[in-house]
Amino acid sequence: MNKKVILMILDGWGKSPDPKVSAIDNANIPFINSLYKNYPSAQLRTDGLNVGLPEGQMGNSEVGHMNLGAGRIVYQDLAKINLAVQNKTLSQEKALKEAFQYAKENNKPIHFLGLLSDGGVHSHTSHLRGLLDAAQNFGLKKTFIHAFTDGRDVDPKSAIATIENLNKYIHNTPAKLASVIGRYYAMDRDKRWERIKLAYDLLVNGKGKPSQDAVLSISNSYQNNITDEFIEPIIMTDDNNNPIATIQEDDVVIFFNFRTDRGRELTEALSQQDFHEQNMHKLNLYYVTLTNYDETYKNVKVIYNKDNITQTLGEVLEKAGKKQIRIAETEKYPHVTFFFSGGREQPFLGESRILKNSPKVATYDLQPEMSAYELTEALIPEIEKTEADFICLNFANGDMVGHTGIMSAAIKACQAVNKCVEKVITAALAHNYTTIVIADHGNCETMINPDGTPNTAHTTNPVPIILVDKELKTIHDGVLGDIAPTILDLMGIKKPEVMTRNSLL
């Protein structure tokens, strides 16, 4: 075969066992529904060991796109770090040992900051517990936790239980909770520096609502309809109303998020550069991150560096002299480029990139179509030119609107995607492209929890794969790692040996 291929990723578009709670099943999406009737389809697993995550763990976009491009199961930091915590080998990691040594010799406090969540998407509470144990065993007396509440990868009101568990865990240890803030502020990834500033001012200047009881403060927030993701800065204080701890020059900071994208902006403000407009000045810190947030950072120590993934689909296409396009809106642009290329930033030879800005709205339920129409308009002329041999396209709507937990908005998102899919596939068929329609993980097919509350998290449901081709009549079930071998099979290119997964044709 020598086909041109479009990989169309409907982000967050899973297969629900219960149509009642599914935005997809409740949406009017005649074109996507017709694809199942007219073309071969099967399903893919995107969770747990199928994508190199711990068993039972829901997939996410970063992991999903990495497996898609790699053509193999990529064992994720989460699985690696979990093992280190279980086997109590975390304290043997060089970067961590050296940070503890520095704190001890210079009598400096250690500030652990990160997402306090069992979601396992950006972080995991077990990793924080492992780090706290390691610090205590090292004999460190001044350890502080700056917790970012989740409510997005887990339920919107789960922070109270998570903080209660943390308080029990650190009772009778030297560790103390120093501050609390929602991830909406501390973990922005869209250059909304005014959000990061709230987190910076809390951590560095102790600016926040004073509290001696974080659980009480959070339940007050709930009464004002502010859920975990949006918790406003809370500074924990002692009996004299002084902050328990703020981050000072020469302190040790350990950022325990293992996923890289949402740790970058706060790290930049604390350690890399001054933001004069926001009055944020970098501090001279002993700064450690659990994984490598950015190769270009100066003076940031990394506990777990990434294994380089080579011979990804992009690289194989480059070697075969093929032209490829990666296209997405801002929210998923790193996924179709950096993650799909196995953690490589620069484009391959013959790779062009099309980025459309995601709309500047507070939350995407306010504009559920996001930038899907703009992406479609930009892509159609490229399909008509037929110069590209491979196109990787991501529609973000199912995931990003799914995260809001608002069913009516998610239905609108699905309907917008349906219109765009119709335009792209119509053009693809007219110009002899084969389109593989898949998702990277589930989300908008489960908008409501069994107890009736909104579900904002990803799911472990399987996702569809539809093979839109004029001749081929079968496609098999598989995992995300099978997609690159399938694409190479369609294009008539031999897959490299390191691509250990299989074509689904």
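Glycine is no exception: its Cβ is also placed from the backbone N, Cα and C atoms.
Asp11 is the only one of Asp11, Asp118, Asp133, Asp389 that Swiss-Prot places in the Mn(2+) 2 site (with Ser61, Asp440, His441). Just one of His431, His458 is listed by Swiss-Prot for the same Mn(2+) 1 site as Asp399, His403, and that one is His458. Swiss-Prot names His122, Arg152, Asp153, Arg189, Arg259, Thr260, Asp261, Arg262, Lys332 as substrate ligands; from the candidate set Arg183, Arg326, the record adds Arg183 to that same site.
For the recorded Mn(2+) 2 site, residues Asp11, Ser61, Asp440, His441 set the reference point as the centre of their Cβ atoms, and the other residues of that chain within 8 Å of it by Cβ are Ile9, Gly12, Thr46, Gly59, Asn60, Gly64, His65, Lys332, His335, Asp399, Ala439, Asn443, His458. Note on proximity: of the recorded positions Ser61, His122, Arg189, the one nearest Asp399 (Mn(2+) 1 binding site) is Ser61, by Cα distance. When the recorded positions Ser61, Thr260 are scored by other C-beta atoms within 10 Å, Ser61 scores highest. Across the binding-site residues listed here (His122, His403, His458), the residue whose Cβ sits among the most other Cβ atoms within 10 Å is His458.
If you measure from the Cα atom of His458 (Mn(2+) 1 binding site) to that of His441 (Mn(2+) 2 binding site), you get 7 Å. Least crowded of the binding-site residues (Asp11, Asp153, Asp399), judged by neighbouring Cβ atoms within 10 Å of its own Cβ: Asp153.
If you take the Cα of Asp153 (substrate binding site) and the Cα of Asp440 (Mn(2+) 2 binding site), they are about 15 angstrom apart, rounded to a whole number.
Residue environment of Asp440 (Mn(2+) 2 binding site) contains 35 other Cβ atoms, counted within 10 Å of its Cβ in all protein chains.
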